[in-house]
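> Below you'll find the structure I mean.
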Amino acid sequence: MSKGLPEARTDTAMSELVPEPRPKPAVPMKPVSINSNLLGCIGIDTIIEQMRKKTMKTGFDFNIMVVGQSGLGKSTLVNTLFKSQVSRKASSWNREEKIPKTVEIKAIGHVIEEGGVKMKLTVIDTPGFGDQINNENCWEPIEKYINEQYEKFLKEEVNIARKKRIPDTRVHCCLYFISPTGHSLRPLDLEFMKHLSKVVNVIPVIAKADTMTLEEKSEFKQRVRKELEVNGIEFYPQKEFDEDLEDKTENDKIRQESMPFAVVGSDKEYQVNGKRVLGRKTPWGIIEVENLNHCEFALLRDFVIRTHLQDLKEVTHNIHYETYRAKRLNDNGGLPPGEGLLGTVLPPVPATPCPTAE
């Protein structure tokens, strides 16, 4: 008996030291998708009409920036895109405004209504870009402006008493105008697109395409695409943002055939075969802006407005703005930029020493 007692005590002591095995946490079940045949109409498809009605009531913002050296018809093209005088031509500037010594940013807002839908359009012009003897880093004020709009939106978003609808001044689309030299891109072109394509949706266009023959235009487009590829520059729509095979197929065709769009702009109408058409009069005849045999303006218009406008806005918000937002919040410890929750500047948090074991 006495020999068995210590063994019993040892067993008890060991059982006290060994913890009971913990039950495994419950694994959440994955939702199972089952294709059910509806027994009748429930009205799911009316969500599209609901969204349409809401958009018609509130309207939507669209902010487009035009960049390129003077004389490439930037304002004319934008006016042609929206069939209204939404961009101020250089010829209407004061004498002092004609040759800015540095790159300036000029934003003009308009409200355009079509079919009951209101678009709050802002056209951002960049006079002075590429017009100086030394154009080094002339893209910096443009990048600064774009980031300032992200910052403005971020401050509104993290505000405790934020507005129900935050005014959106973020640049959704940047049309970059390439001079129709027919040779190659300038170092400035490459430098601009390399930096700005990381923060905004850049769409390259060849300006005044009527100055080139069809063969010259085709060769120049291929050369531009090749130079952008060699320099690792991705323009909108970027391959990595294609959501599915349908998107990829559609966007591949745009990337490989249409880009950069070779365009001609005009806000003047002429009579051609009994029809009034937008065009440019030349000694050889009328260049019809919306005729695909003459230029690719119609492709650009359809791309920017009719097929990809919503995607331009979504990529701006979900990719470019989100990248900026994550970096700013990460740099600031997850708090609003430079401020605490009550709008006061927070002092640095001292490191808490680890408690020493006694």
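Just so you know, glycine gets a Cβ as well, placed from its N, Cα and C.
Keep in mind that what you see is a predicted model, and the values were worked out from it rather than measured.
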> Scan 52-59, 68-75, 180-187, 252-259 against Swiss-Prot and say which stretch is down as region 'G1 motif'.
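Checking Swiss-Prot against the ranges 52-59, 68-75, 180-187, 252-259, the region 'G1 motif' one is 68-75.
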> Pick from SER15, SER87, SER91: which does Swiss-Prot describe as phosphoserine?
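According to Swiss-Prot, the phosphoserine annotation belongs to SER91.
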> Looking at 1-29, 146-174, which one does Swiss-Prot call region 'Disordered'?
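Feature region 'Disordered' in Swiss-Prot: residues 1-29.
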> From 113-116, 125-128, which range did Swiss-Prot mark with region 'G3 motif'?
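Matching range for region 'G3 motif': 125-128.
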> Measuring CB to CB from LYS208 (GTP binding site), give everything in the same chain under 8 Å that is also at least six residues away in sequence.
LEU72, GLY73, PRO180, VAL264
> Quick one: mean pLDDT on the region 'G3 motif' (125-128)?
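Taking every residue in the region 'G3 motif' (125-128) and averaging pLDDT yields 94.
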> Give residue numbers and ranges for long-range contacts of the region 'G1 motif' (68-75): same chain, 6 or more residues beyond its ends, CB-CB under 8 A.
87-90, 125, 127, 129-131, 175-179, 207-208, 264-265
> Among the binding-site residues GLY68, GLY71, LYS74, THR211, LEU214, point out the residue whose Cβ has the most other Cβ atoms within 10 Å, with all shown protein chains included in the count.
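When each Cβ's neighbours within 10 Å are tallied, LYS74 tops the list.
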> Determine the Cβ neighbour count for GLY265 (GTP binding site): the number of other Cβ atoms within 10 Å of its Cβ.
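Counting Cβ neighbours of GLY265 (GTP binding site) within 10 Å gives 24.
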> Using DSSP, how many residues of the region 'G4 motif' (207-210) fall into helix, strand and coil, respectively?
2 helix, 0 strand, 2 coil
> By the DSSP assignment reduced to helix, strand and coil, which category contains THR211 (GTP binding site)?
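The three-state answer is helix.
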